[in-house]
Amino acid sequence: MDAGSLIQHIERDEETTSWPLSMTTEWLEDGNETTWNQFQQPDWQVALWAIAYSLIILVSITGNVTVIWIILAHRRMRTVTNYFIVNLAFSDVSMASFNTLFNFVYALHNDWYFGLGYCRFQNFFPITAMFSSIYSMAAIAVDRYMAIIHPLKPRLSSTSTKVVIALIWIVAVSLAFPQCYYSVTRFYYPRTVCMVDWPDDYGGTHQLSYQFAVILLIYLLPLLVMLVTYTIVGRSLWGGHIPGEASDHYHSQINAKRKVVKMMVVVVVTFALCWLPYHVYFILGSFNRDIYKQHYIQQVYLAIFWLAMSSTMYNPIIYCCLNQRFRAGFRHAFAWCPFIKVSEEDKMELQSYTETEDVHVRQKSKKSQSDDTVNGCDSDTRGSEGMVYHLLAKMNHVQKQKKDNQASTI
């Protein structure tokens with residue numbers, strides 16, 4: 001299901017229809033006799049909706065671009081989990097930039113102003129971006145499962161992670177291609193509509209089957225995978241012990257892993273709740289077209305669509321609130337603001353380990369050890385590696401002391 005589909009409901013005649021995906025084109029129902037917009041809103045309502053949708057675009061672009069910068073600009077943040085977070089952020093910022101505004105304008109005016117090319121794109125890209133988003137989250141869930149439940153098995157390398165991301169986009173493009181291929185613009189005086197015109201689609205069965213398949217593949221199935229994996233991981237982290245990490249020596253690593261899992265569960269639950277009313281709306285509409293004729297339905301639609309699109313802006317806020325390194329990264333990014341102060345601890349959080357190893361030797365608190373295992377999701381590759389890093393730092397420190405002693409004797 002793509003957000004662009006929200007604007008495609010056209011009833012061409014009693015036998016050949018496309019699936020009713022929006023209430024905004026019900027003015028076409030009785031042939032072309034109705035030429036006025038029965039859903040026209042007062043200016044103050046339009047202004048309020050415009051502010052609400054503008055907020056999504058502003059927060060999503062600012063937040064997700066900052067997340068991408070935090071990860072790509074700092075070597076310490078370039079981990080397997082974070083590469084998937086980059087892909088998730090890119091998908092979200094693309095959805096906010098290329099889909100939200102255009103569909104909002106279409107919903108308000110019931111008139112497609114943007115031509116056939118963008119009609120094809122807006123029917124195609126939202127499915128692609130949503131597929132990429134949710135399967136990036138699913139990949140993180142599987143990676144967390146492997147790291148915590150099977151820590152001795154081989155993990156994804158940086159190259160393998162990039163290959164997985166490329167495969168996600170290839171499958172996403174393949175799934176969304178029919179929406180692009182069959183997209184058309186039609187003129188019904190006095191308006192133009194953007195729709196998907198499936199061939200030989202009597203009664204809209206092809207469109208209906210496709211949309212239910214999309215809901216299954218980009219919502220229900222990945223959510224089921226994440227439910228199973230995070231349930232198993234949660235039972236291991238909170239209900240028992242992690243294999244190979246039962247001693248007190250690893251309590252900080254366990255706590256770090258819990259923090260990462262908590263953060264990603266919040267991300268997944270937020271995504272699921274934002275999109276649930278959207279999918280329910282169309283499932284109900286597919287069985288009862290009369291709901292699209294209600295005078296209040298445009299307000300319902302705009303609220304549901306706003307909630308779905310708002311899913312693109314919450315993740316950066318979640319990262320900033322629940323993860324210390326992302327929080328430090330946001331302080332760095334917005335250090336130009338007079339009310340934001342960047343501490344020395346914030347600077348250390350994003351430096352590579354080689355730059356801060358001596359500092360970590362001096363700072364032997366449990367908090368530092370815990371932070372070494374959690375990146376904004378560094379625990380995906382760390383686990384017990386935080387302790388290894390700590391020991392390596394000690395060895396390097398001792399070697400430097402020996403060299404200094406030798407130099408002083410000479």
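Note: Cβ is positioned from N, Cα and C throughout, glycine not excepted.
Cβ neighbours within 10 Å of C194 (disulfide bond), excluding its own Cβ and spanning all shown chains: 27. Annotation comment: TrEMBL describes C119-C194 as disulfide bond.
Residues or ranges marked as domain 'G-protein coupled receptors family 1 profile' in TrEMBL: 63-319.
Annotation comment: TrEMBL describes 361-381 as region 'Disordered'.
Annotation source TrEMBL lists transmembrane segment at 46-72 (among others).
Below 8 angstroms of C-beta separation, residues 3-4, 6-7, 49-50, 53, 56-57, 60-61, 64-65, 67-68, 71-72, 114, 118, 121-122, 125-126, 129-130, 132-133, 136-137, 139-140, 143, 161, 165, 168, 302, 305, 309, 311-313, 315-316, 319, 376-377 of the same chain, each at least six residues beyond the ends of the transmembrane segment (84-104), sit close to that stretch. Residues or ranges marked as transmembrane segment in TrEMBL: 84-104 (among others).
Residues or ranges marked as transmembrane segment in TrEMBL: 124-142 (among others).
Annotated transmembrane segment per TrEMBL: 163-189 (among others), in sequence order.
Annotation source TrEMBL lists transmembrane segment at 209-233 (among others).
Taken from TrEMBL, the feature transmembrane segment covers 260-280 (among others).
What TrEMBL records for 300-322 (among others) is transmembrane segment.
Long-range neighbours of C119 (disulfide bond) (same chain, six or more residues apart, CB within less than 8 Å of its CB): W112, S183, V184, T185, C194. DSSP assigns C194 (disulfide bond) to a strand in the three-state reduction.
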